[in-house]
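J.: Below is a structure I'd like to ask you about.
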Amino acid sequence: MESMKMKLIVVLMVAIVAFSAVGNVAAQTEAPAPSPTSDAAMFVPALFASVAALASGFLF
């Protein structure tokens, strides 16, 4: 059971690194910045933080 948790944590970390790498590649393209009143820039980090909190609460 303990090794399964460790494998799941490793898989989650790899997925987070992969998603952040994809986000950095997408950020290098020319695109207009969101307006200051838009919450679009905060959506992705908030999503990752929520998923990480739920996963750690579920595992531990």
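Note: Cβ is positioned from N, Cα and C throughout, glycine not excepted.
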J.: Among Pro32, Pro45, can you tell me which residue Swiss-Prot lists with the annotation 4-hydroxyproline?
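T.: Swiss-Prot annotates 4-hydroxyproline at Pro32; the rest carry no such entry.
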J.: Which one of Ser20, Ser38 gets the tag GPI-anchor amidated serine in Swiss-Prot?
T.: Ser38
